[in-house]
Amino acid sequence: MYNCAIILAAGKGKRMKSSMPKVVHKVCGKEMVNHVIDNVRKANIKDVNLVIGKGSKTVKEHTKDRNLTYSMQEEQLGTGHAVICAEEFLKDKKGTVAIFTGDAPLITNETIQQLFEFHNSGKYAATLISSTVQDPTGYGRIIREASGEVKKIVEHKDCNEEELKVNEINSGMYCFDIEVLLNSLKNLNNDNSQGEYYLTDVIEITKKSGDKVGAIVVPYEEIMGVNSRVQLSEAEIVMRKRINHKHMVNGVTFIDCESTYIDVDVEIGNDTIIYPGCVIQGNTTIKEECTLYSNSRICNSVIGSGVIVENSVILESHVGEGTTVGPFAYIRPETKIGKSARIGDFVEIKKSTIGDNTKVSHLTYIGDAEVGSKCNFGCGTVVVNYDGQKKQKTIIGNNAFIGCNTNLISPVKVNNNTYIAAGSTITKEVPEGSLAIARSKQINKEGWLDKKGLLKK
């Protein structure tokens with residue numbers, strides 16, 4: 001059986017009060033529309049068409065790696081009109097098409113699979129996703145036959161007294177036999193107060209043709225649409241609970257899961273402990289037995305097993321197993337830190353490689369450098385990598401000891417097994433096995449304060 005999907009993503013999203021199209025706003029680190037696309041893919045649906053309109057260039061940019069086809073809805077004339085705009089995608093296809101909305105990011109791949117299975121096994125012409133709620137005010141009601149089939153969808157304003165008591169509501173997500181859908185679209189009109197073409201009318205047209213219409217009921221959170229910043233926040237809360245629950249089931253400890261913020265594509269190994277206030281973003285991988293103390297942020301990075309991170313920021317970097325980072329360290333993009341290293345408080349590292357067992361304990365800046373293994377950086381070391389025009393490189397070999405308050409003026413090389421005296425400014429290569437001293441000779445002027453009249457009696 002051939003299955004495909006259409007995702008409606010052309011809405012203006014006026015209530016978002018944003019210059020960006022609504023569907024590219026993110027929930028737990030991923031654009032809403034990409035949540036829907038990815039879950040459709042996980043349900044083994046290969047052919048996906050995205051109906052775009054306002055901000056189409058931006059939507060395409062955010063979905064360019066999803067292997068989609070696109071249909072353009074130049075004017076927003078309703079959900080039915082959006083599907084009409086995708087008729088070319090359905091041309092000459094036979095099978096089943098599901099229709100989803102790009103602003104409902106909480107739909108799961110399990111529900112999508114269930115929708116197709118229910119629709120195809122029951123040989124329905126159309127199937128919709130519904131939900132039951134305590135207060136259905138404002139929603140279209142699903143009215144069923146005695147057999148359980150869907151009889152009709154009645155908008156709230158059109159409900160009679162009995163229909164108002166129904167708490168099963170329409171989600172705006174459907175499955176259709178492609179041939180039935182295309183035939184029904186031919187009879188769709190905009191004879192309503194808004195002058196728009198509604199997809200709900202296709203259900204009525206299908207039913208009047210004598211075809212079977214079914215519905216599956218799912219939890220309300222799966223059909224939640226996002227039309228405002230408030231609803232975006234509500235969707236974020238639901239998604240975050242799902243993400244954190246998944247990691248806890250897989251063996252991750254959360255000291256307070258309600259104040260821990262993890263993006264949807266993050267991977268975390270078992271026996272890792274995460275303290276409150278941590279933010280883990282993007283395509284980050286954290287391996288087993290790590291400890292992330294409060295208020296740490298990690299983005300698009302790989303953290304090896306047994307790493308401890310305390311009150312620190314790690315961006316687009318790799319940290320080797322057994323390393324400790326922080327408190328208050330800043331690891332900037334393109335940094336690779338080896339195994340069992342120590343990156344201490346108020347250390348900033350940018351675009352550098354740090355070898356195994358190297359210690360950078362405090363108050364140090366390292367930029368555009370290659371640092372070997374078993375090195376020690378004294379407090380206040382600065383790699384001076386910018387010459388006013390471009391960044392220069394520093395190379396430090398294995399077993400180098402860098403004394404406190406040392407400036408390494410790039411480009412410069414410090415070879416293996418070297419010592420640099422505290423307070424030095426190094427501008428030339430330091431040979432292997434040597435001690436480098438580059439500071440002014442101390443001069444003591446006896447009686448100077450007395451001569452200047454500054455000596456306190």
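Here the Cβ of each residue, glycine as well, is placed from N, Cα and C on the backbone.
Swiss-Prot lists ASN385, TYR386, ARG439 as acetyl-CoA-binding residues, and of the candidates ALA341, ALA422 the one it assigns to that same site is ALA422. Residues 16, 25, 27-28, 32, 35, 105-106, 221, 224, 257, 260-264, 266, 268, 270 of the same chain lie 6+ residues outside the region 'Linker' (230-250) yet bring a C-beta within less than 8 angstroms of a C-beta in it. Each of the binding-site residues TYR365, TYR386 was scored by the number of other CB atoms within 10 Å of its CB, and the largest score is that of TYR365. The Cβ of ASN385 (acetyl-CoA binding site) lies under 8 Å from the Cβ of GLY367, ASP368, ALA369, LYS391, GLN392, LYS393, THR394, SER410, each of which sits 6+ residues away along the same chain. Neighbour list (LYS22 (UDP-N-acetyl-alpha-D-glucosamine binding site), Cβ cut-off 8 Å, at least 6 residues apart, same chain): GLY11, LYS12, GLY13, MET16, MET32, GLY102, ASP103, VAL226, ASN227.
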